[in-house]
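**Student:** Next up is a structure, given as structure tokens.
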Amino acid sequence: MSKVKVIVAGPRGRMGNEAVKLVQRTEEFELAAVIDHKHNGITLSSIEGFQGMEVPVFSDINECFSTVKADVLIDLTTPEVGMYHTETALNHNIRPVVGTTGFTKEDLAKLESLTKEKGIGCIIAPNFAIGAILMMKFSQMAAKYFPDVEIIEMHHDQKLDAPSGTASKTADMIAAVRETKQQGHPNEKETIQGARGANVDGMHIHSVRLPGLVAHQQVLFGSDGELLTVRHDSFNRASFMSGVKLAVDTVMKLDILVYGLENIIE
């Protein structure tokens, strides 16, 4: 059986670095190239921390895709380039596995149309930690019985978007099964704007950004005399790699766009 040839975008980033390690240690994967906006025309071994990795480095994504034969792009970069990278990969018949957040509904609709046109798979996931996916699924289950819910998500202070993609996805999943309800007192008033957080379908999302954090979320369900808390914590970025591996394995079998890892976990 031939190996899955993988290109990783952003190898010097914390998530990209873990993705490179994942591909290198997975027997059925082969690292074909990396995309790095600061380096071009060298091998990865020339960059500190990647000794012995003799794969080409490209700064231009189109040049990379035109030069290197690959099956999958792993993109764990930033919202600013995520859409461009994903669309470009599909146009080169390379299956994207994307952990970048910030995709709009219009972006997803465009990518869905492109995957159908090309007949290849694409997986976009706000969170690749299996535990986080189960946290979202458990929260959706609980919301059928506990309509009073608030979400608190906590991340490192270098995260660019708020609320997190995981929190937004959790709220969407809960809204799909939760009875319509405006959480809190109907006449409540914020004495400081934003004190109650973002309002999504009557639920409140609170975003915390502090150094020392990685990725954490708790979903609180309240009822008479009880509180149910569903929580997940990622203490390092290696926690996301089991989901990335699952996504790479799965995307090779797909011919559609899948948004959210929960849709490929039974």
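From the backbone N, Cα and C atoms, a Cβ is placed for every residue, glycine too.
Automated prediction, rather than curation, is the source of TrEMBL annotations.
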**Student:** Name the one residue among D36, D71, D157 that TrEMBL lists for the same NAD(+) site as G10, P11, R12, G13, R14, M15, G99, T100, T101, A125, P126, N127, F128.
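**Tutor:** Of the residues offered, the record points to D36.
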**Student:** How many other Cβ atoms are found within 10 Å of the Cβ atom of H156 ((S)-2,3,4,5-tetrahydrodipicolinate binding site), counting all protein chains shown?
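**Tutor:** Counting Cβ neighbours of H156 ((S)-2,3,4,5-tetrahydrodipicolinate binding site) within 10 Å gives 14.
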**Student:** Far apart in sequence but close in space: which same-chain residues, 6 or more away, have a Cβ under 8 Å from D36 (NAD(+) binding site)?
**Tutor:** G10, P11, R12, I47, V57, F58, S59
**Student:** Starting from H155 (active site, proton donor/acceptor), work out which of the binding-site residues listed here (R14, T100, A125, G165, T166) have their Cα within 10 Å, and give them in sequence order.
**Tutor:** none
